[in-house]
Amino acid sequence: MKVLLVFDFDNTIIDDNSDTWIIQCAPDKKLPIELQDSYQKGLWTEFMGRVFKYLRDEGVKEEELKRAVTSLPFTSGMIELLSFLRMNKDRFDCIIISDSNSIFIDWVLEAAAFHDVFDTVFTNPASFDSTGRLTVRNCHTHACTRCPKNLCKNTVLGEFIDKQLQKGVRYTRIVYIGDGGNDVCPVTFLKKNDVAMPREGYTLHRTLDKMSQNLEPMASSIVVWSSGMEIISHLQFLIQM
């Protein structure tokens, strides 16, 4: 049986936030104050819809967005990690669950030739309309009260595991690699054999620290990382167990 690796994208695979990164395409590399102030908590996808409309209205073309997105730096050690996983696909299945969008993730993976490492990508579907505006739709609908309305990563992960079970695919354990607040929900549902891998110093790490101080039990083990090389070391340890 294989190990399932679940990756976040922004600030995990890449070392920045792809949505805020493309603001460099705007005039003076910033958004108008009224657009900045239009964000409402839990409605990030809707906010980005307004940002993409603004960029289109300002004459920013698809090629400019692509050039910006494909210049995003990978997180330290991540290229080595993805290369390691490519060489060990017989041991690992890899999926991405991200609140970015399908176009940005496709561009990054395609430019770095890492598409083949990932079995499935779950994210907000995106496309360019006839006017050249990038439109992003919600990933799904869900009933979770802890997550933004467009994406509950725990729901997505649970549905993926169920579908794999229906195909007769079982995993020895799940390793969840992420950084953000929306990674807390799926991580708290991991089981005893599983591993939560929060990026050091980021929201997920800080939240799990607080939970342990408040004696809120976590079933899974927690392994903090700051470089993909540390993740490789832990995966090598797991497959030798």
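Count begins at 1; order follows the chain as displayed.
Each residue, glycine too, has its Cβ placed from N, Cα and C.
Listed features, source Swiss-Prot:
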| type | residues | note |
| --- | --- | --- |
| ACT_SITE | D8 | active site, nucleophile |
| BINDING | D8, D10, D179 | Mg(2+) binding site |
| ACT_SITE | D10 | active site, proton donor |
| BINDING | D19, D99 | substrate binding site |
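Location within the structure of each feature annotated in Swiss-Prot.
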| residue | record | DSSP class |
| --- | --- | --- |
| D8 | active site, nucleophile | coil |
| D19 | substrate binding site | helix |
| D99 | substrate binding site | strand |
| D179 | Mg(2+) binding site | coil |
Inter-residue Cα distance where the pair is D19 (substrate binding site) and D8 (active site, nucleophile), in Å: 14
